[in-house]
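These notes concern the structure reproduced below.
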Amino acid sequence: MTGGPGSSPLFLLLLTGALSGARSRALGAYDGNASVSSACTPGFSADGYTALVSPNIMEGQKLLKVKFNGCSSGAQGIWYETNNPDFKVGADGAVYTAREVQIPAKQAKFIVAAWDHETPEKWEAAIQLFVEETPLNQSQYQTGSQSQESEQEQSQSGTLLPWRQHHKGLRRQKRDWVIPPVNVPENSRGPFPQQLVLIRSDKDRDDTIRYSITGVGADQPPMAIFNIDPIFGRMNVTRPLDREERSSYHLRAHAVDINGNKVENPIDLSIYVIDMNDNRPEFSSPIFNGSVDEASKPGTYVMTVTAHDADDINTSNGIVMYRIMDQSPQSPSHDMFVIHSKTGVINTVAAGLDREKVQQYTVVIQATDMEGNLNHGLSNTATAIITVADVNDNPPEFTRKMFIGEVPENHVDVVVANLTVVDRDQPYTSNWNAVFKIISGDPDGHFTIKTDPVTNEGIVTVSKPVDYEMSKVFPLIVMVTNQAPLASGIQMSLQSTAAVTVSVNDVNEAPYFPNRNEPIRKLEGESAGRLLITFSAVDPDHSMQQVLRYSKISDPANWLAINTTNGQVSTTAVLDRESPFVKDDLYQAKFLATDNGNPPASGTGTLLIQLIDINDNAPELLPKDAQICERPNGNGINITAIDVDRKPSADPFVFELPSVPYTIRRNWTIHRINSIYARLSLQIGYLESGMYDVPVIVTDSGNPPLYNTSIIKVKVCPCDNNGDCTTIGAVAAAGLGTGAIISILICIIILLSMVLLFVMWMKRREKERHTKQLLIDPEDDVRDNILKYDEEGGGEEDQDYDLSQLQQPETLDHVLNKVAGVRRVDERPVGAEHQYPIRPVIPHPGDIGDFITEGLRAADNDPTAPPYDSLLVFDYEGSGSTAGSVSSLNSSSSEDQDFDYLNDWGPRFKKLADMYGGADED
């Protein structure tokens, strides 16, 4: 088909009628013959509408127009809405922008819905906007939107759809065609490849055209889903599509000549996968857990279950409806719960939930797609476990109306009775935990009730001692409640109160001394045998008529005695306030009172005696010694006095000098400073240095007053300009003469000399110790001499041979070749010598220790000192001796011999060397 005069060749698109949607019109043959339509069904003229728009759309701009077919009623009573607030639909079906819109991608999608006012029917159509590469003006949009309807009408009759053509110059442009999307149902069974569209260019009459497609599903992963016949332009799908994997494909068709030159501009193809109901609803969890309070009213929210269908939620395939299939147990009704078919919210529908009867319900929930159509939809099930939560709708009740208990008097923390209760609420919760309260019968708070957390019993215990003599029976009234308040409308039961009768058992109580907050007041100085007080105790067991006996527990000064029968306390010594056992004028003693009960009981009492001071102590003078200059220079000695008595028996004091001997008042004088201080000074102009005893009389202010004569040892000494005693004066004052001082100095010198001599002697002794030789003189050392002891053992008698040849042979061959098992022990071993540990040095060893140490050191360092500590062999002379046989020696030979080598044998052979080597010198 060609365009009008002056138009360029058209790029054509043919849709195959077999792959259109449920609402798509089948395309006729390529020759343009129209197909017949079926009966009228209300709805949109198409399942989807498309339009080309610019990236930026102004507010109020018209994009396209949807057509709704209302059959006989037309479009009256129909109103439209969109799911995108950026767009709105007019009453005539025109789609506008509600605000300025900027499309971020190359396309935008939204849904237009049509509602009927009279019926709840709803119809939907998909709108898809494609962004063109070159923006169009307002008139072009209008042309495009108007041409869509005629384009759709042409598509119904099988007319080819010419695509937009571009012209050069100012020539009038042909109307643009909106290319509708291709709808392909998922899960198609083929056969494959299956043709979708036919793409043709009218230039193929003159040139050889090659067609190709690009995009996801063609040359991009997933690849090879779609292909195109490069010669004829037939685009096919090669395998079944799955909408849940990908819901749409956007391809671009290209037309080039055999040289690869572009013949037509590429066109965009949108392929939408039509959803099929091939997925069951899937619950988010196989088991849902919820709870609801017992006694809840109908309509109370319980829980929400959710299921998801992978199919298109905009179609019935993905719309899930819920229903309850089963409830277990079916008590008190088989319909205790209801579920909202669309939201999955479960509510109570009947009253009568009681946890004490049914604690848990199991509800089977079914989710069905196709809007709950059980005949055509797919279903799945899940389990909802609904727990009936406990509320405090059962008050606790005592198992008995009266409880009995008993308790011994004067005991605490004793269990009196266990109060048992029952509560049908859930155990170990605040609705079950019991709280007990004594509402009467215990005004003084002698009893408390604690709750056993395991048994929920009330344990009545004694918190304050009870007295049998005061009260023999306690009639208690106890009430029990829960930690949580009762539910609304629930009243307390008559069984929530009970009586508890507590009997008190009499026991032998200890006697007690009445509290004496105030001490008894007594004058100190009370003589022995005086009665102070009758310190009697009280026996609380009046009915027992028991006898009390008294004894003393504590009497620090041993001043008191108590009568064992009547408790009279008397003195055994004079009371003295100044005693160290008296603290703050109080003397404390403790006494014990014991009854004759079985077993006997005893109580203690403390007696406080406040001693009133009397003037029984004379003052004491201070200081006891002092020093003063031999010549008066205005200074003196400050004296004072102390009196252990208190005022008015203490200060002010009177200080005076005695009249006898007369020299006291002649040499000394006293001047009063204040009530407790006075100054003692010289009366004369000079007093010889020395020690003087100055008596001073001190009198207190008691009635009668007491006085005391005290001696002050005064040291009179010569003083310097500062009034301080000089050293000479101090020595003289000490009473030491010149001879005594010289004697002391001589003694000091002698002592120092002795110390010096002792040190010198010790150093000399230490030096001798280090240089000391062996006590045995070397001349008398015969260890290396060969002596004859007239032994009958073997061996040579001739001893005039060279011992060094035996002890130090020139070679070791005879040692190495000696017979096994025979060893010389009178010579130093050839091998490595054992190293002995060094003995620790004693700081000052004795003579014997020094001698032993030096001898050991000399023996250890002597290489030729036999014997070693081993078995001695005397009959073995070794092998390979350089001297040959000893018998070959001729000591009487007259031939001249050279004995100079004897001098090389060391000091031990010095005598032998002198005998032979020094003969010529003699």
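For all residues, glycine too, the Cβ spot is worked out from N, Cα and C.
These numbers come from a predicted model, not from an experiment.
For 284-398, the entry in Swiss-Prot reads domain 'Cadherin 2'. Swiss-Prot lists 399-513 with the feature domain 'Cadherin 3'. According to Swiss-Prot, the domain 'Cadherin 4' annotation covers 514-621. The feature domain 'Cadherin 5' is assigned by Swiss-Prot to 620-728. If you look up Swiss-Prot, you'll see Asn33, Asn137, Asn236, Asn289, Asn314, Asn418, Asn563, Asn638, Asn667, Asn708 marked as N-linked glycosylation site, on the strength of sequence analysis. Residues or ranges marked as signal peptide in Swiss-Prot: 1-24. Taken from Swiss-Prot, the feature topological domain 'Extracellular' covers 25-740.
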Mean predicted confidence [pLDDT] for the domain 'Cadherin 3' (399-513):
91
Cα-to-Cα gap, Asn418 (N-linked glycosylation site) vs Asn289 (N-linked glycosylation site), nearest whole Å:
40
Under DSSP, is Asn563 (N-linked glycosylation site) helix, strand or coil?
coil
Under a criterion of Cβ-Cβ distance under 8 Å and sequence separation of at least 6, what residues of the same chain contact Asn563 (N-linked glycosylation site)?
Tyr550, Val569, Ser570
Just give me the nearest neighbour of Asn289 (N-linked glycosylation site) among the glycosylation sites Asn236, Asn638, Asn667, Cα to Cα.
Asn236
May I have the DSSP-based helix, strand and coil counts for the residues of the domain 'Cadherin 2' (284-398)?
7 helix, 50 strand, 58 coil
Chain-internal residues, separated by at least six, CB under 8 A from Asn667 (N-linked glycosylation site):
Leu682, Gln683, Ile684, Leu687, Tyr692
Including all protein chains shown, what's the count of other C-beta atoms within 10 A of the C-beta of Asn708 (N-linked glycosylation site)?
16
For Asn236 (N-linked glycosylation site), which of the glycosylation sites Asn314, Asn638, Asn708 has the nearest Cα in space?
Asn314
For Asn236 (N-linked glycosylation site), just give me the three-state DSSP call.
strand
Taking helix as H, G and I and strand as E and B in DSSP, count the residues of the domain 'Cadherin 4' (514-621) in helix, strand and coil.
3 helix, 45 strand, 60 coil
Restricting to the chain of Asn638 (N-linked glycosylation site) and a gap of 6 or more, list residues whose Cβ falls under 8 Å of its Cβ, or answer none.
Ile673, Tyr677, Ala678, Arg679, Leu680
Provide, as an integer number of angstrom, the distance between the C-alpha atoms of Asn708 (N-linked glycosylation site) and Asn314 (N-linked glycosylation site).
126
For Asn418 (N-linked glycosylation site), the three-state class that DSSP assigns:
strand
At a 10 Å cut-off from the C-beta of Asn314 (N-linked glycosylation site), count the other C-beta atoms across all protein chains.
14
Helix, strand, coil residue numbers for the domain 'Cadherin 3' (399-513) per DSSP?
3 helix, 51 strand, 61 coil
For the glycosylation sites Asn236, Asn289, Asn418, which one has its C-beta crowded by the most other C-beta atoms within 10 angstroms?
Asn236
Please report the three-state DSSP label of Asn708 (N-linked glycosylation site).
strand
